[in-house]
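For reference, the structure is listed below as C-alpha cells.
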Amino acid sequence: MAQKTLLIITDGIGYRKDSDHNAFFHAKKPTYDLMFKTLPYSLIDTHGLSVGLPKGQMGNSEVGHMCIGAGRVLYQDLVKISLSLQNDELKNNPAFLNTIQKSPVVHLMGLMSDGGVHSHIEHFIALALECEKSHKKVCLHLITDGRDVAPKSALTYLKQMQNICNESIQIATISGRFYAMDRDKRFERIELAYHSLMGLNHTPLSPSEYIQSQYDKNITDEFIMPACFKNYCGMQDDESFIFINFRNDRAREIVSALGQKQFSGFKRQVFKKLHIATMTPYDNTFPYPVLFPKESVQNTLAEVVSQHNLTQSHIAETEKYAHVTFFINGGVETPFKNENRVLIQSPKVTTYDLKPEMSAKEVTLAVLEQMKLGTDLIIVNFANGDMVGHTGNFEASVKAVEAVDACLGEILSLAKKLDYAMLLTSDHGNCERMKDENQNPLTNHTAGSVYCFVLGDGVKSIKNGALNNIASSVLKLMGLKAPATMDEPLF
C-alpha cells in the first residue's frame, strides 16, 4: 500500500442520528450517498478528552487540526494541569518547588472560578494546599470572574476557598477581573489591583461582606473594586509569587507590573527581589520559571512526509488557512521542505449564509491542479459546514453541504482516475444540529462524532476512532511508517 493521498477535512459536518434540523441529512448529496454505498466508513470522536479537552466539551478547529496533524492527543492546558494535580505530581514539579522554597511566604493569585477559560479553582486550591504541606504562609489574591461564569457567583467560589483557609492559608486581597486581568494596556486598572497587592485599599469587611457590599452597589463580580483585608500588610522583598491562570493574555500585565524591570505603566513599589513563577508561558520575554511548559509537537504528519522528501500541498480558503498550515503542523509557522501552501480568498460578505458555497469551487480547482501535478500529499479544508453553520441559517447550511458535496464529487472522480488514496473526515460537527432543545437557532459546534471515509488499495473496513488516529492512517495509505509518537491507524 503506497499511494499519493488526499486528506480532506470537511469542517463542521458531523454525524447525528436524528434528522430534525439536520442540514447534512436534508441536503441533496449524491457524492456522500455514493461513498456510503461504496467506501468503508466509521465514526470519529472530535470532542472532550479524546482531543485533550475537558470531558464533554465541544471540539474546535484549532484543537481538531492540531490533533489530526500530531497523530496523538495533545492535552490542552486545563486538562494537562488537572491530570497532573490529580496524579499528585505537583510535589515533584521543579518550577513550583524552587519558587516556594525561596521564601516562607507564598502569594498565589488567579481567577477564582471553574469557568475553565483562564483558570480553574481546583488548581488554585491544589497549589495552596501543596504550599501548606511545605509549611508556608499562603496569601490568596482572589480575582472574581462574572464573565466566564454567572455575573454574581463569587460567593459560591469564595466558600470553596474559605474551606481551605486556616492559620497558614489566608485570603489577602480581592479584585474583579476588569482590573486585575486587563489586556489592553489600561494600566489605570492594573494599578488598582497592584495597590491592593501592596497592602493598600484596606477594607474592614470580611471577604464575603465585601463582595455583598459591592453587589449592594450593583457591581457584579467582573467589576469588584480591588481591596485588601485585615492582617495583610502587602508583599515584601524576597517573597514568592505564583500566578495560577493557565491562559496567558490576561495575566501578562499584572505580572509585568510585579516583576519586569522595564515597566512604564505606573509608578511602582521597588522590590530588590520577588521570586515569581507562572502556571504556563505568558510571554517570551519573561524570565520566570514555568510550572507547566508548552509541549513541543514534533513528528507531525507534515514533518514526517517532508522527512521522506515527498511533496505536499496544504489548501484552504482564508477562514481555515491557519488550520491547515500552522495548527495541523503542530504550531509551526514555517512550511516544511517540499510543502506548498495555497490560500484561496474567502468571499467578502457580512455573513456566510449570504454565500453558502463560499470559495469551495476555487478550493477544489486548486486541489485538482495539485492532483494533476502528482503532489504526494494534499491536505484540504472545506470551511462551509462550519462557517455557514455558525450563522444559524438552516436553509443556507443545507446549501453549504450541497456545495461541498459537488466539490467532493469532482475530487473523488479524479482520485479514482489518478490512483489517489483518500481519507475524508471532519475536525468537529456543526451543521448537523441547527436548533437547540428550545427550537432556537444553534450556532455553536456540536459535541459528537463525525464521519470518516477511506478510499485506498486493500482497505475494506475501518475502525471507529478519534482524530488522533488520522495521521497514522494517512501515512499508512502513503506506504510510510508512522513514528512511535503517533497513535494507531484506523485500519
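Cβ coordinates are placed from backbone N, Cα and C, and glycine is handled just like the others.
What Swiss-Prot annotates here:
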type	residues	note
BINDING	Asp11, Ser61, Asp427, His428	Mn(2+) 2 binding site
ACT_SITE	Ser61	active site, phosphoserine intermediate
BINDING	His118, Arg147, Asp148, Arg177, Arg183, Arg247, Asn248, Asp249, Arg250, Lys320	substrate binding site
BINDING	Asp386, His390, His445	Mn(2+) 1 binding site
Seminar exercise, completed: Keeping only the binding-site residues of His118, Asp148, Asn248 whose C-alpha lies within 10 A of that of His428 (Mn(2+) 2 binding site) yields none
For this session: Among Asp11, Ser61, Asp427, these being the binding-site residues, pick the one whose CA is nearest to that of Asn248 (substrate binding site).
Result: Ser61
Exercise. Compared by Cα position, which of the binding-site residues Ser61, Asp386, Asp427 is the closest one to Arg250 (substrate binding site)?
Worked result: Ser61
Exercise. Looking only at Arg183, Arg250, His390, His428, the binding-site residues on record, which one has the least crowded Cβ, with the fewest other Cβ atoms within 10 Å?
Worked result: Arg183
Exercise. Which residues, same chain and not among Asp11, Ser61, Asp427, His428, have a CB within 8 angstroms of the centroid of the CB atoms at the recorded Mn(2+) 2 site?
Worked result: Ile9, Gly12, Thr46, Gly59, Asn60, Gly64, His65, Lys320, His323, Asn381, Asp386, Ser426, Asn430, His445
Exercise. Between Asp427 (Mn(2+) 2 binding site) and Arg183 (substrate binding site), how far is it from one CA atom to the other, in Å?
Worked result: 30
Problem set entry | Asn248 (substrate binding site), number of other Cβ atoms within 10 Å | 19
Seminar exercise, completed: CA-CA within 10 A of Asp11 (Mn(2+) 2 binding site), subset of binding-site residues His118, Asp148, Arg183, Asp386, His390 in residue order, equals Asp386
Problem set entry | Asp11 (Mn(2+) 2 binding site): secondary structure state under DSSP, collapsed to three categories | coil
For this session: Quick one: among the binding-site residues Asp11, Asp386, Asp427, which has the most Cβ atoms sitting within 10 Å of its own Cβ?
Result: Asp427
Exercise. Hey, what's the Cβ neighbour count for Asp148 (substrate binding site) at 10 Å?
Worked result: 15
For this session: Would you list the other residues of this chain near Mn(2+) 1 - those whose C-beta lies within 8 angstroms of the C-beta centroid of Asp386, His390, His445 - in sequence order?
Result: Asp11, Gly12, Ser61, Gly385, Met387, Gly389, His428, Asn430, Cys431, Thr443, Asn444
For this session: Measuring CA to CA, name the entry from the binding-site residues Ser61, His118, Asp148, Arg183 that ends up nearest Asp386 (Mn(2+) 1 binding site).
Result: Ser61
For this session: Work out how many Å separate Arg183 (substrate binding site) and His445 (Mn(2+) 1 binding site) at their Cα atoms, rounded off.
Result: 27
